[in-house]
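Peer 1: Once you've had a glance at the structure underneath, I'll fire off some questions.
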Amino acid sequence: MILLTNDDSIVRVSTFLLVAKSEEQLANDRAWLEQERYWLVHRRGFTAVTKLPGKSGSMDDLATGVGTGKIRANPPQYDRSEDLAQLRFLNESSVLHTLRQRYAANLIHTYAGLTMLIMNPAVPLAIYSEKVAHLFRRCKSADMPAHIYSVAQSAYHSMLSLRRDHSIVFLGRAGSGKTINYKYIIKYLTIVAGANNKVLTLEKLNSIWTVLEAFGNAKTVLNNSATCFAHLFSLDFDQSGQIASASIQTMLFDRWRVARRPEGEGTFHILSRLVLGAEGNLRRDLMLGDLNPTDSNPYVHFNVSNEDKVQQAGLFKMVYGSLMQLGVSELENKIIFSVLAAILHLGAAGAAKVSTPTSNRSSYHSSSPGSDYGNRSPAVDDWTGQDALDGFVIGLYSEVFNIVAALINRHLSVGTHTVNTILVFDCPGFQNPASCGQQNGATFQDFCFNYLQERLQLLFHNTALVATRDRYTQEQIEVICDDTDEVSPEGIVNILDNIPSNNSSLSLAMRSSQLDLRQSDSTPGLLWLLDEHRSLPSQQSFVDSVFNVYREREHQTLINKAAGNHHLLIQHCQGTNPVLYNTENWTKLAREHPSTKAAVALLLESTHNDMATVFTMSRSANISSTLGGSLAGIDGTQSLRRASSIRRTFTSSSAAAIKRKSDGLIETLRRSKVKFVHCLLAQHNVAAVDGTKEYFDSTINVPLLRSQIRGAEVLPAVRLYKQGFPECMQLTEFIRRFGLLASSSNSTEASTPTPTDTKTSIEEILFGIDLDASSYRVGLSQDRAGPAVEWSGAGRMRSVRPRHVAFIHENPPPALPNLPQNPPSYV
Ligand SMILES: Nc1ncnc2c1ncn2[C@@H]1O[C@H](COP(=O)(O)OP(=O)(O)OP(=O)(O)O)[C@@H](O)[C@H]1O
């Protein structure tokens, strides 16, 4: 258990220990630095080496593995630095070394400048209790140890002081811990900010997570309970800083899973839980007893042990109870589960192709008794009967998922005036099935998830690097920072989603010379090619269309043809994570079968009045008008009050809609002040292995961690943070707070000061208090926000500041085996 204390004596002692060094310590430091310790980088890791005195030749020559050559090691006291910006020698190996040292001590959180890195510990840690949350309350950013609660607290504090909307975004690979930390952020804000009229409580949060996990998660090869939807939790605060309303927007990115789950993976948990857990009248009314778990059913699988079956049955009862706690009536519950039961019965029935007497076209009928949906979904081109049924089931499940989210919102959203919002965003992680030995190639669903992760990484790049540099230029602040090894995610994002500027057709795009395409910035992205592909003869494979366009050598570093008719390789995450995709069936998946829309219409127009009422409700003004919140909707146009139309935008399954959804999301996030959390995996498949503890007690997979650090652009961001001036304050605000320190002749009280007066006064104040001139700059620009004083990141040394909180392990966790405290080398 971690205990945080603000006991003064502890603060003073730790401050003294950190600041004051004995002569002996200083001598040791000097001796260590004179030794010239370097990292020798190699494919499998890095090794500490010492330069022998008197030997010539550059140590940089040894760094054959990275190419940067900046490989000096830090003295041992930096081993567990809480902020990577504190490292004296900032390089990739030193970053890996620090993360590894901290991880060995169960310190899974590390600041990377303004970003937080979190390693997945794979085992529960007792550092998230309510008591711990209260210790972060009212703390300022610089006073908090690295912890997921410090991210939440600094967003909350910043929202209150700036009166601006904030968002917290999680990035990382599948199973790296995004969802768990997303929940901790919301839990923290609920505990610390409190909620008016108990609109949000910890019990309600538990119910929400239980319901969403059941309806939106599934077992995948990379995670036993992977999130298959993106969710944006919106916490709306009133003037006093309390939560006044909340809502959740969901996007079921993997809606195909209900009908076409990848080999070896599961469908949404709720389907098997319903069959195993429903009892009494519900079981009888939904005829669940007729479904034999041993029969093959494309829409559910029961490949679990008896013990698991009991557990799944228990989980169903929890879901049912949670829905009730969230204000869902028994009737509404029954309606939701009856649609799910219909999906299961349709799966048991299967589909057959029949000819209709009135038309030459074929249509598809389920052989399920009483089912006449086939007439509503005319077959198109190469659709099969199973496609029609699958499309229908996808439509049904998507509507169920939407109504569940709408019912949660009905319970949380209060039509009250709110001032600011904190958005917390989680989505499926980066997928690479090859990392767990699956060589068949990644699926279309994986492609969609990876595209969204790339968009988020680009948002990070633009926020942490591009916008920061632009601001320095605007303020005429010179920052010397090496950016030669920076690679922007923009190149890969363009390959994935570029829309040709001349809106040419696919056949035109393929006929045009590459030069023309490049000159007009018209090289179409893969999503556009998928969308357009339906206009091509079906013999042409999607991969052929792609490589008719992407013949250019300059693209070969990002996209390549792979062995097999349908395979292509995309170099994701700045080339650190190549993913082999199998594009067979992608053109079909990117389209929406007409039966999907028919399923939606069927629910809305159902002759069963209650059913029609419930499903219409999620689209009607009733529910959307109850949605509170000051923040614009995820589609990037209007407020959340337009939730029904937002959801419609998101239910289209075409490739173009995936881009549109992502655009809306990024635009929504961009308008707020964004904080990023990068979740990291220490080992492949941590989240998919049972008996994780034993599996996990091994050394860190250094190449895996290195590729995540590179892909996440940690080093460039920390470097800019360290060299730059990341903390800024408007000049007027500075004067308001510190104006008293100005000499009387320059007092700003006499008359309204001009910007030049203000700047001069500030420079005098800073000069007067003898602050190191290299640690600040006074900006010049006259932009809307006004010129600013910028504070150096390097000057923000958390470890030498008196802390208001400190970590103490009550029961120190056992050190991981095979991890010496100061390992001489890593392999
Ligand atoms: N802070 C943590 N403490 C304990 N266990 C953790 C922590 N973070 C992650 N885990 C473990 O890792 C597993 C995967 O975490 P989680 O589902 O949050 O990952 P994810 O990144 O959201 O995955 P996906 O992208 O596949 O949805 C969890 O089930 C849990 O076992």
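Note that Cβ sites are derived from N, Cα and C of the backbone, with glycine treated the same way.
Taken from TrEMBL, the feature ATP binding site applies to Gly172, Arg173, Ala174, Gly175, Ser176, Gly177, Lys178, Thr179. According to TrEMBL, the feature compositional bias 'Low complexity' maps to 354-371. Per TrEMBL, domain 'Myosin motor' is recorded for 79-799. Residues or ranges marked as region 'Disordered' in TrEMBL: 354-379.
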Peer 1: What is the one among the binding-site residues Gly172, Gly175, Gly177 whose Cβ has the most other Cβ atoms less than or equal to 10 Å away?
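Peer 2: Output for this query is Gly175.
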Peer 1: List every residue in the same chain as Ala174 (ATP binding site), at least 6 positions away in sequence, whose Cβ is under 8 Å from its Cβ.
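Peer 2: Once residues fewer than 6 apart are set aside, Ala174 (ATP binding site) is near Thr220, Leu222, Asn223, Ala226, Pro428, Gly429, Phe430, Gln431, Phe449, Ala687.
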Peer 1: Tally every other Cβ atom lying within 10 Å of the Cβ atom of Ser176 (ATP binding site).
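Peer 2: That number is 26.
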Peer 1: What does DSSP say about Arg173 (ATP binding site): helix, strand or coil?
Peer 2: strand
Peer 1: Mind checking which of Arg173, Lys178 has the fewest other CB atoms within 10 A of its CB? They're the binding-site residues.
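Peer 2: With the binding-site residues Arg173, Lys178, fewest surrounding Cβ atoms within 10 Å: Lys178.
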Peer 1: For a quick check of packing: other C-beta atoms within 10 Å of the C-beta of Thr179 (ATP binding site), how many?
Peer 2: 25
Peer 1: For the domain 'Myosin motor' (79-799), would you mind checking the mean pLDDT of the predicted model?
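Peer 2: Across the residues of the domain 'Myosin motor' (79-799) the model's pLDDT averages 80 on the 0 to 100 scale.
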Peer 1: Inside 8 A of the center formed by the CB atoms of Gly172, Arg173, Ala174, Gly175, Ser176, Gly177, Lys178, Thr179, which other residues of the chain have their CB, for the recorded ATP site?
Peer 2: Asn120, Phe170, Asn223, Gly429, Cys679, Leu681, Ala687
